[in-house]
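Here is the structure we will look at.
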Amino acid sequence: MTDKSKEGGSGKLLYCSFCGKSQHEVRKLIAGPSVYICDECVDLCNDIIREEIKDVLPKKESESLPTPREIREHLDDYVIGQEYAKKVLAVAVYNHYKRLRNGDTTAEGVELGKSNILLIGPTGSGKTLLAETLARFLDVPFTMADATTLTEAGYVGEDVENIIQKLLQKCDYDVAKAERGIVYIDEIDKISRKAENPSITRDVSGEGVQQALLKLVEGTVASVPPQGGRKHPQQEFLQVDTSKILFICGGAFAGLDKVIEQRVETGSGIGFGAEVRSKDETKTIGELFTQVEPEDLVKYGLIPEFIGRLPVTTTLTELDEEALIQILCEPKNALTKQYAALFELEDTELEFREDALRAIAKKAMNRKTGARGLRSILEGVLLETMYELPSSTDVSKVVIDESVINGESEPLLIYSNSDNQAAVAE
């Protein structure tokens, strides 16, 4: 290896055999049999190899693309119920990545469009969990955005381009990886137009955000500041093609059921011509959501252009008591399994009796928070036990029954030493 300050043994100046720079113009000059290469050319070669590897990696990933059935079976391991939504998502995601693998155009010249997804369902029904589980299974970058924090460019709040920057951060600013990612935009119903008719006043957090999202969701080349953008303003912006990114939008759409019901009722006549229904025949919110049409979403406040960018629409039903009990026990990362693992770290067994699980489910149903409320109920029930357990000795088992959930008694503590066996409170 030759330093730039030194000359060859013969006293003559040495030059890089590739770029022609002299040893004084570069930091290092590496000698080989009758040839030399400088450090700049070595860096350039490394960059070329890295780019080639990036081009090959997506092809390798796509070769093992799981089928819709395999995707749905994986979702079954983590998400209880919502069978129709899982099937729709599995097909949409499979078609999206199949399109990326084969390019936007088929051999016959048919252009394949992008199918972004809209999830409509009550809070705690599994919208976010479905999107997260999909991204984890497919091993692609995933980011979440809250639509309520977004505003038009130039106003206080998050710019829509920030969504792409978050996605880049998830994959260490690897543009090729980011372009195969999934973006989940939550609370999309909260950016609905404030009035049904377009207003002359500026709606920067409602219709304005929908307009800003149009191009991003459909597919555009977004310019995103590089890592540490403000610290290094001289760096060029990264160009990210969003036409390859799958966008999943989700929202509870509170009140949409009334819009659908009004349309359905109008279709069946009004006044003396109206169809009379008994109380039992009244449809649930979940049943009404399955009848959603684009016109209902327009009336709700989404602009037609934005709805057109989300061609795959699926609805999630409200979780009933049995589904909540299943969620507590059956998934791979079920809450009861998580808390049992925490107690296991203290060498203590945690047991939930059947009546306790049912009581937890009933409590969550009353709170109308869906599966999201289950963890807060368990935290409240187990707080004192988790506080005292690390300081206690000989506790081998903790038993939770219905009376504990209802606040009528404390958890039963079973000690390894039978002389100490007792309940915390009778």
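For all residues, glycine too, the Cβ spot is worked out from N, Cα and C.
Here's what Swiss-Prot has on this protein:
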| type | residues | note |
| --- | --- | --- |
| DOMAIN | 4-57 | domain 'ClpX-type ZB' |
| BINDING | CYS16, CYS19, CYS38, CYS41 | Zn(2+) binding site |
| BINDING | PRO122, THR123, GLY124, SER125, GLY126, LYS127, THR128, LEU129 | ATP binding site |
CYS16 (Zn(2+) binding site) has its Cβ surrounded, within 10 angstroms, by a count of other Cβ atoms equal to 21
Euclidean distance between Cα atoms of CYS41 (Zn(2+) binding site) and PRO122 (ATP binding site), Å | 58
Would you mind checking how many other C-beta atoms are within 10 angstroms of the C-beta on PRO122 (ATP binding site)?
-> 21
Between CYS38 (Zn(2+) binding site) and GLY124 (ATP binding site), how far is it from one CA atom to the other, in Å?
-> 59
Within 10 Å of the Cβ of LYS127 (ATP binding site), how many other Cβ atoms are there?
-> 25
Same chain, |i - j| six or more, Cβ under 8 Å of LEU129 (ATP binding site); the result in sequence order is TYR78, VAL79, ALA371
From binding-site residues GLY124, GLY126, LYS127, THR128, the one whose Cα lies nearest CYS19 (Zn(2+) binding site) | THR128
Pairwise CA distance, CYS16 (Zn(2+) binding site) versus THR128 (ATP binding site), rounded so that it is a whole Å | 56
Just how many other Cβ atoms lie inside 10 Å of the Cβ on CYS38 (Zn(2+) binding site)?
-> 26
Mapped DSSP class for THR128 (ATP binding site), helix or strand or coil | helix
Given the ATP site residues PRO122, THR123, GLY124, SER125, GLY126, LYS127, THR128, LEU129, which other residues of that chain have a Cβ within 8 Å of the mean position of their Cβ atoms, reported in sequence order?
-> GLY121, GLY250, LEU316, GLY370, ALA371, ARG372
Cα distance (Å, whole number) from CYS41 (Zn(2+) binding site) to THR128 (ATP binding site) | 47
